[in-house]
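Asks: The structure follows.
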Amino acid sequence: MRKMNLIVAMDAEGGIGKNGVLPWRIKKDMQYFASVTKNVSDQSKRNAVLMGRKCWESIPVTRRPLAGRLNIVLSRQLPAQKSDDYIVVNSLEAAMKLLSEPPFVDSIETIWNIGGAEIYDLALRENLVDEIHLTRIFKNFEADVHLKSLDFSKMEKVQNAEVSSENSEIFEENGLKFEFCKWKVVENH
């Protein structure tokens, strides 16, 4: 089965959401998210973004589906749908099966899991994650959704070429300090 990358912004306490939206507004993080999830080395391919229904519904209608990527929504409530840029499936297993077969096995370069917490947890539990691209925000936002399943003892921090030659650069925007980190899941740890 194919592996995926996970991309997430998280506060100091592991919070990733509050009242159905991101509890912070960091333009540089949004730009990073778009750049990383769209970037392909083979220009004949594109990436897929995999998300849960709540994550899908948190995206403004005018920005759905996320441009330049195949959007796959996991939902037990939405009816199954399929178009060129948007597919609804009822399970992670169904999504991964779809992406592991033609035409997607040949046309999708990277699968990006963009959340939310339940979808992140499921992929981590099923050992489907290769890399984690983490925006670490150095503040607690009293979030109501947390990512609890990240076990950094089973990962190693790697160079994040998408940001700079330094993997530990701290940025600041709107009074918030944050960094972009990249972690590789170590299989036999």
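Glycine is treated like the rest: Cβ placed from N, Cα and C.
It should be emphasised that the depicted structure is a prediction, and the values quoted were computed from it without experimental measurement.
Pulled these features from Swiss-Prot for this protein:
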BINDING   Ala9, 15-21, 53-55, 75-77, 115-122  NADP(+) binding site
BINDING   Asp29, Met30, Gln31, Tyr32, Phe33, Ala34, Arg69  substrate binding site
DOMAIN    3-185  domain 'DHFR'
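Context for these features, please: burial, neighbours, distances.
Replies: In sequence order, Asn90 make up the list of same-chain residues 6 or more apart from Arg76 (NADP(+) binding site) whose Cβ falls under 8 Å from its Cβ.
Neighbour count (other Cβ atoms within 10 Å of the Cβ, all protein chains): 20 for Phe33 (substrate binding site).
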Asks: For Gly17, Gly20, listed as binding-site residues, tell me which one has the smallest number of other Cβ atoms within 10 Å.
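Replies: Taking Gly17, Gly20 as the binding-site residues, the minimal 10 Å Cβ count falls on Gly20.
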Asks: Restricting to the record's substrate-binding residues (Asp29, Met30, Gln31, Tyr32, Phe33, Ala34, Arg69), give me the longest CA-CA distance in Å as a whole number.
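Replies: Largest Cα to Cα distance for the substrate-binding set is 18 Å.
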Asks: Rounded to a whole angstrom, what is the C-alpha distance between Leu122 (NADP(+) binding site) and Arg69 (substrate binding site)?
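Replies: Cα to Cα, Leu122 (NADP(+) binding site) and Arg69 (substrate binding site) are separated by 22 Å.
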